[in-house]
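J.: Mind looking over this structure? Questions follow.
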C-alpha cells in the first residue's frame, strides 16, 4: 500500500530535522515554514505515534511543545489542495471538514468527530466561547471531565499557535506549577468552563472526604500510619477522575483540598458543632453521648424524666438553653382543661339529680 503524504505548518524553530523532513519553500517576511512529511501508514499506528510524541516532549522547551502540539492538531491535506492553502492560514480559517479531522485526531473517536461536523463547527466557532461551556461540550460527546479538560486545553494551544497570542495561565502567572489547591484569585482568573469543572471536582472531593472520615472523630495523620494510609489511598483513587491537567490540579492539589476540608471540620467540632445525628432513641444513648453540645445545664432538667428529655431534645435555642416557655404553656393549658372538664362534670351531675327529684 502506498504511503500517504500530508502538509503541515509550523513556526520557524532551530533546525533539529530528521532525514524524513525536507524544507520546501520560505517566503520573505513570512514566519511560517512549509514542511512536507512522509509517513508509512502501514508501519506506524496512531497509538505508537502518540506514544513517541509524548516521549519526545519530556525535556523540550515550552514553545517547542506548543508547536509540536500544533503539528499534531493541524489536519493533513492533499498536495492538490496545498496550492490553494496559504502558509499563514490560522485556525480561525479552518473549514468544518478540517475541524472534523482535528477532532478525529484529538479524541480518536469517530462519533465525536461526527458531532463536530453535525453541529457545523468551523475554525472560528471552535475558538469562540460558544463551545467552551459544559452543555455544549456534552452535546459534542465530551461526557467526561477528562475529555472536557483535554478539549479546553487543546483550544488554548490552538489559539496560541494559530493567532500568536499568549493566554495567561496558572503556570505563567505564578512562574511555575501551583502548589496544592488553587487560590481564590487563581479560580477567578479561570475561563468559565474550566472554573465550572474545577468547582464540580472540588465538591466531589469534599463529599469523598466526608464519607471516608465521617462523624466528629477526625483523625490526625502525622502519628497515625493507618489513617495516613487511608488518606493516601483515597487521594490516589480520586486522582483518576478528579485531576485537571490544564491547571495542574493533581494528587498534590487533591490532598491539600482533603486536608483543608478535614481541618475545617475539626475546627468546627472544637467550637461545639456536631456532625453526628443529634436525635437519640433512648436515655442511655443520651447519657453516654460525649459529643460537644451548645447548651447549658438547668436545675429543672435534673428533675425531668429521660423520656421528657428525649421528647424535648430538639427545643434548643442558639445559646443552648432549653426553652421552658413552651413547657409552661403546655402544663398550664393541661391544668385549665382539667379544671373546666371537672366543673362541667359537677354541673352535669347536679342537673341530673335535680331533674330526677322533680320527677
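Yeah, the Cβs are placed from backbone N, Cα and C, and that goes for glycine too.
As listed in TrEMBL for this protein:
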type     : residues : note
COMPBIAS : 14-29    : compositional bias 'Polar residues'
COMPBIAS : 290-301  : compositional bias 'Basic and acidic residues'
DOMAIN   : 94-161   : domain 'SAM'
REGION   : 1-57     : region 'Disordered'
REGION   : 272-319  : region 'Disordered'
J.: Could you give the number of helix, strand and coil residues in the domain 'SAM' (94-161) as assigned by DSSP?
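T.: Secondary-structure composition of the domain 'SAM' (94-161): 52 helix, 0 strand, 16 coil.
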J.: Across the domain 'SAM' (94-161), what is the average pLDDT of the model, as a whole number?
T.: 84
